[in-house]
Structures are given as C-alpha cells and as structure tokens.
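One structure is given below, encoded as structure tokens.
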Amino acid sequence: MATPHINAVPGAFAETMLFPGDPLRAKYIAETFLENVEQVTDVRNMLGFTGTYKGKRISVMGSGMGIPSASIYAYELIKEYGVKNLIRVGTCGAISTDVKVRDVIIAMGACTDSKVNRLRFKDHDFAAIADYSLLSAVVDSAKEHGTQIRVGNVFSADLFYTPDPQMFDVMEKMGVLGVEMEAAGLYGVAHELGAKALCVVTVSDHIRTGEKTTSDERQTTFNDMIIMTLDAAITL
C-alpha cells in the first residue's frame, strides 16, 4: 500500500537497499550497476528502483538531504515495505588531517547536533551505531577490493552552513572522521524499528585543507565505493 511519500506497490522493494541522498544518484546506481531494473516510486521525484546485482535482488532509492527527510523515507521503507537492510551511500567532508580526500569512511557511529534521537529516547542520549553484520560485510568487501577505508565516527549535522566553525576543533579532538547529514537519523530509525543500517561515504572535500575532488575523481571514487558496497550487499 502506498504511503504519503512512496507510491510503490507491496513487494516492490528488496530487503536490502542502497540509500543515497540524491535521487538522480539513485537513478545512476540503478542504471549503471543493476540489471532488470524497474522504477518503482517517484513521489516528489524521490526516485526508487529495484533490480538485480549478480543475481540478487537489490533496491536503491534517494533519501533527500538531512535527517528529517532521510528519517521519513527510512521509516516508511522499513515499516510499510519490509526493507531490512538500509545502506546509506554518499559523500562527506573530512575533518582530521590523517583522513584524505577520496578515502572511504564506514560510519561505526554517528554523533549529531540534532535532537531527533533524544525525541525517540525519552530525552536521553542514544548511541547511534551501525549494525555490526552490515559493517563487517562492507569491511570484508573493502579488503577484497583493496579499497582504502577508515572505520569510525561521523558527525551528522543539521546545518550545512554552520554558524560555529570552532565545533570542527571539538570534532577533531574527539576523533570524528567526517561530517555528513543523515547517518544519525538513519541509525535511530533502524534501531527503533528493528532493522539494520550502515553509512558508507567517500570523502569529497577536506574541511581543514580546502582540498576538493574533481568531478571525475568524485565519480571514479563513488563507483568504486558502490561496487564494494554492492558486493557486500549480496552476502547479506
């Protein structure tokens, strides 16, 4: 049955889904890496697709930008469509000087300035962590592909244009590897509903040094990350 934000029919989505922010990136993943692809939802142009990868049924759908948007789609996908494994794939900005542009970060945990998980957890701090089985599968796949990865915490920011750049100093002191905008909310929804979630992001730019990837570098690194993640997804 359709939800307010998804018009797919029951059974349209696979149990495992890649979850990029950009719906056009979802379209690119589906058309580039999947076979037998079908577009299954398009409400608000938030495109979702289902196909197969090496014979296994896989879905991919955009989440939009930020925790509120990602949380809505994750909730409806898990609650109404039975999605069990949600893997966010996207980009982030690096903070630590030992994290390099084009590195892949696997978010073991997600700090945040959002109150969304406190709302879920009676105003207490909730440890927003990834599912270990998903994390382990992607780490193993990265080793097989020879992909340079970092495993640790990210920071899920509510504001893209922060009014407090000194917060980056605190993040670096606490060992945060990168900044993005969705993981903490995704992890909270997954825990609330008994699903599994993981965030895998490539470093597209460095907040400290100002270094940025070119569009070609970004696409190549992104492709490598997607293949690595899809190869992990088919083992679940």
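Each residue, glycine too, has its Cβ placed from N, Cα and C.
Listed features, source Swiss-Prot:
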{"type": "BINDING", "residues": "HIS5, GLU180, MET181, GLU182, SER204, ASP205", "note": "purine D-ribonucleoside binding site"}
{"type": "BINDING", "residues": "GLY21, ARG25, ARG44, ARG88, VAL89, GLY90, THR91", "note": "phosphate binding site"}
{"type": "ACT_SITE", "residues": "ASP205", "note": "active site, proton donor"}
{"type": "SITE", "residues": "ARG218", "note": "site 'Important for catalytic activity'"}
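Using a 10 Å Cβ-Cβ cutoff, MET181 (purine D-ribonucleoside binding site) registers 25 neighbours. Between the CA atoms of GLY21 (phosphate binding site) and GLU182 (purine D-ribonucleoside binding site) there is a gap of 8 Å. Across the structure, MET181 (purine D-ribonucleoside binding site) and ARG25 (phosphate binding site) place their CA atoms 16 angstrom apart.
Taking Cβ-Cβ distances under 8 Å and a sequence gap of 6 or more within the same chain, the neighbours of ARG25 (phosphate binding site) are GLY62, GLY90. Between VAL89 (phosphate binding site) and GLU182 (purine D-ribonucleoside binding site), the C-alpha separation comes to 10 Å. Of all the recorded positions given, namely ARG88, THR91, ARG218, those whose Cα is no farther than the 10 Å limit from the Cα of GLU180 (purine D-ribonucleoside binding site) are THR91. Those residues noted as binding phosphate (GLY21, ARG25, ARG44, ARG88, VAL89, GLY90, THR91) have their most widely separated CA atoms at a distance of 23 Å. Within 10 Å of the C-beta of THR91 (phosphate binding site) there are 21 other C-beta atoms, taking all protein chains into account.
Taking every pair among HIS5, GLU180, MET181, GLU182, SER204, ASP205, the residues recorded as binding purine D-ribonucleoside, the greatest CA to CA distance is 32 Å.
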